[in-house]
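As recorded in Swiss-Prot:
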type	residues	note
MOD_RES	Ser2	N-acetylserine
BINDING	Asp28, His115, Glu477	pyruvate binding site
CROSSLNK	Lys212	ubiquitin cross-link
MOD_RES	Ser223	phosphoserine
CROSSLNK	Lys233	ubiquitin cross-link
MOD_RES	Thr266	phosphothreonine
CROSSLNK	Lys269	ubiquitin cross-link
MOD_RES	Thr353	phosphothreonine
BINDING	Thr390, Gly413, Ser414, Ile415, Gly445, Ser446, Asn471, Asp472, Gly473, Tyr474, Thr475, Ile476	thiamine diphosphate binding site
BINDING	Asp444, Asn471, Gly473	Mg(2+) binding site
CROSSLNK	Lys505	ubiquitin cross-link
MOD_RES	Thr522	phosphothreonine
Amino acid sequence: MSEITLGKYLFERLKQVNVNTIFGLPGDFNLSLLDKIYEVDGLRWAGNANELNAAYAADGYARIKGLSVLVTTFGVGELSALNGIAGSYAEHVGVLHVVGVPSISAQAKQLLLHHTLGNGDFTVFHRMSANISETTSMITDIATAPSEIDRLIRTTFITQRPSYLGLPANLVDLKVPGSLLEKPIDLSLKPNDPEAEKEVIDTVLELIQNSKNPVILSDACASRHNVKKETQKLIDLTQFPAFVTPLGKGSIDEQHPRYGGVYVGTLSKQDVKQAVESADLILSVGALLSDFNTGSFSYSYKTKNVVEFHSDYVKVKNATFLGVQMKFALQNLLKVIPDVVKGYKSVPVPTKTPANKGVPASTPLKQEWLWNELSKFLQEGDVIISETGTSAFGINQTIFPKDAYGISQVLWGSIGFTTGATLGAAFAAEEIDPNKRVILFIGDGSLQLTVQEISTMIRWGLKPYLFVLNNDGYTIEKLIHGPHAEYNEIQTWDHLALLPAFGAKKYENHKIATTGEWDALTTDSEFQKNSVIRLIELKLPVFDAPESLIKQAQLTAATNAKQ
């Protein structure tokens, strides 16, 4: 194969690892790089409204496909994206951040270029990103550039953390051997140390053998680090009761007869709390124990027999086995577990959320009814995205269909995240299956931060469902502090004017205020098909919130007030 430009090499490599959409914005230090996207068949440039939204979109895309790329320009562009990149770092999402930077000669001369701080320091932004990246590289040598690109792509995928790649403008068009593309990037994990893994498996088997009431608890990193299949098989083979955390929604099949619900410490349903906390063995997969994921750290296991499977270590009771990756540990555990669980006597699992009682069609829509009812509308394989606030808490009441994807930023909690994430997820879903539905639930306050990205959805003909929960302001903040404070109020928008304002030609608008209107719309066979982009405004009472959010707000307020 003949020589190709370094820029084309980057995008060919990304295409090889199943990245088909590139997010970001143009800027004069990355324009030559962006030209190369159009030289690679099967790639498209999303062209976002701003860099923060682009970072959110890259995050949403990577949560579905395992890897994404964001391209920004030096200084002003890359810094605008860093909130989104920090969220990806916190929540284990593999985003490669590619930054077009000034030429090597301009940096050497310390020229006072635009987009700099005016002090000749061209490394300051790179250093900022280093704190929220698994690895970084500023390319300075064309000879080693291809191997550095390969290293960053591999690291981003394997660790499911962001990486930073700085590409000087003068290197993008330099040539590298095209033959390097013939050897694929190795995305496989290194095997576990056999002795350490054997000790883990033997110890876990002994704990299982001596337990009478074990449970499985699936969390965020079961999805992020690609052990959903192993976790589901663990449930199938053992028949142990299985639960998820808020961040674990979508990591196991919630239609499975052994699924018991969402465990959030003191915020759990009483029967779920009792089932998990009375267990004599907890098998925890991919735990991410943040405050909102644990009911403000209110886990209260009665047993000390807890096994935590993590991406790069396993913890058995008080012993930590560094370097024992859960992917292989679970796979090898599954080979030997059937003989150990033969004598297991199945215990009942908590009843799933009961259906709503019949109410008159004129009944005003409220959150408690909405989230229970939503399960009826969802379909197998849906991507369900819930914004920080009432949606992220309410969705825990909803039972997901099989093979659903759940996206919610419970740890980082940057309001407005889900608009961009919906765009990214919609691109990814379209690439997997054009009929796959992407469904967003976002509050009226959060939407105002990132609404511009709806225009990108329209531009590309994407067809998500955009459910806007309109309850007049920042409800979660009102519940925590300042229920009538002016700073928790927002300007009222005409939500049904948004799609045409952004230039949509084919779209649907709906406004729902009663349970009857919800039922009529969500049971309509045409509405159930993702044929056009839709915005559905849900009119809800002020201060209406899921019970779990009200309790969490009280816990958060108490935590904030502690001296």
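Each Cβ is built from the backbone N, Cα and C atoms, and glycine gets one as well.
All protein chains considered, the CB of the residue listed as 'phosphoserine' has 26 other CB atoms within 10 Å.
Nearest to Ser414 (thiamine diphosphate binding site) in space, judged by Cα atoms and limited to the recorded positions Thr266, Lys505, Thr522, is Thr266. Here the candidates are the recorded positions His115, Lys212, Thr266, Asp444, Lys505, and by Cα distance the one nearest Ser2 (N-acetylserine) turns out to be His115. Lys212 (ubiquitin cross-link) is 37 Å away from Thr390 (thiamine diphosphate binding site) when you measure Cα to Cα. Listed recorded positions: Thr390, Ser414, Asn471, Thr522. The one with the lowest count of other Cβ atoms within 10 Å of its Cβ is Thr522. The 10 Å shell around the Cβ of Asp444 (Mg(2+) binding site) contains 23 further Cβ atoms across the protein chains shown. Sequence-distant neighbours of Lys233 (ubiquitin cross-link) (same chain, 6+ residues apart, CB-CB distance under 8 A): Leu334. Neighbour density for His115 (pyruvate binding site): within 10 A of its CB lie 17 other CB atoms from the protein chains shown.
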